[in-house]
Every structure is written in structure tokens, then in C-alpha cells.
């Protein structure tokens, strides 16, 4: 993983010390990167998103009020991801591309990051990446990050009912996309990935 770009050459007047900034990056960069990887679906975009997060954190430290710092980071990371996804107006996933394979072969991530990559195997990562960004963010925050519905609602700035609906619908789409991995009577061969329909129903 690339180290987050240090935004200090563009001073913003917050007056944060080098020690404070270095401690923030050291203690939280891996956590932010793991969340960014799960949201974006590929290492390159995750690295870019992580850098953007820490630029935003540095510039916004003066607005932070005492509370859960990790929750603040979750909110910044998730909202930046959603902003990017909406600008692109499409979901881009390259986890199975030759480019990603080359990056993985040349990268030497920390053991915990390598483990996170392994846990998100290609099928699961592809299914997550095919979800609409709002659904994906809610599912990742709930089922991977382990946050409560209330915490997710605060991060996304959404009503609790909206969060529940996004998680429910996102999980349903994931189950459909990953149905080929579920045991079935008489199944002895790999059935191939099930098509994922974003607008409801399964594509034919």
C-alpha cells in the first residue's frame, strides 16, 4: 500500500503538530485502507481513496469534535467513495484484470492486509462491486466493518429505515450473485457465477 500523501505542503492553518499527524497516519492508515479496499474493489482505487481521506482529515482536523475518531474516519472514507462513485456514474471493478494481478504480484502488503485480501475472494469482491454504491457502502459497513444500523445511519446521513432497506436489498443481491457457491442436492460441478441484476430480478 502506498503511504498517504502528506498534505502539509499546502498549509491550512490548523496548527497540528508533526507528532499528531504522524500518529494519526500510523495508527489509522491500515484501517482506512482496508475499508477503502472493500468499498472500491481494487487496490489502486483503494490507495487513491486512502490518500484522499488523509488529505481531508488533515484539512478538517480543526472541525473534529471529541467523539469516536474511528467513526469520523468511517464517515469521511465512505462519503468520499460515494462522491467518486456518483461522479463516475458507474461501478468500476478490475479485481480480475491483468493489471490487478500484476499489482498483487509486485506488492508486499502487511500480513493483516494480505489476509483481508484473501478473505475477499474474487467472487465476493465481484459481487460487492456490482452492487449500487449506496447498497455496497451499507453492506460493507454492517457486515464487514461490524457497525450498528444507528452508526451507519449517522455515517451516511440517512434515516434508519433507509439504512435497513439498503442492507436488506444489498444482501439479497449478494445472495443471488453468490448462489452458485451454495451447496445444492445433486450438484457435483461448479455452476459458474449467477448474473447479478441491480434493478430487481435476475438477468437472463
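Cβ coordinates come from backbone N, Cα and C, glycine included.
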Inset, instruction - Look up region 'Disordered' in TrEMBL and report which of 1-20, 21-40 it refers to. - result: 1-20
Legend entry - Segment confidence, the domain 'RNA polymerase sigma factor 70 region 4 type 2' (123-174), expressed as mean pLDDT: 93
Legend entry - Secondary structure content, the domain 'RNA polymerase sigma factor 70 region 4 type 2' (123-174) (per DSSP, counts of residues): 43 helix, 0 strand, 9 coil
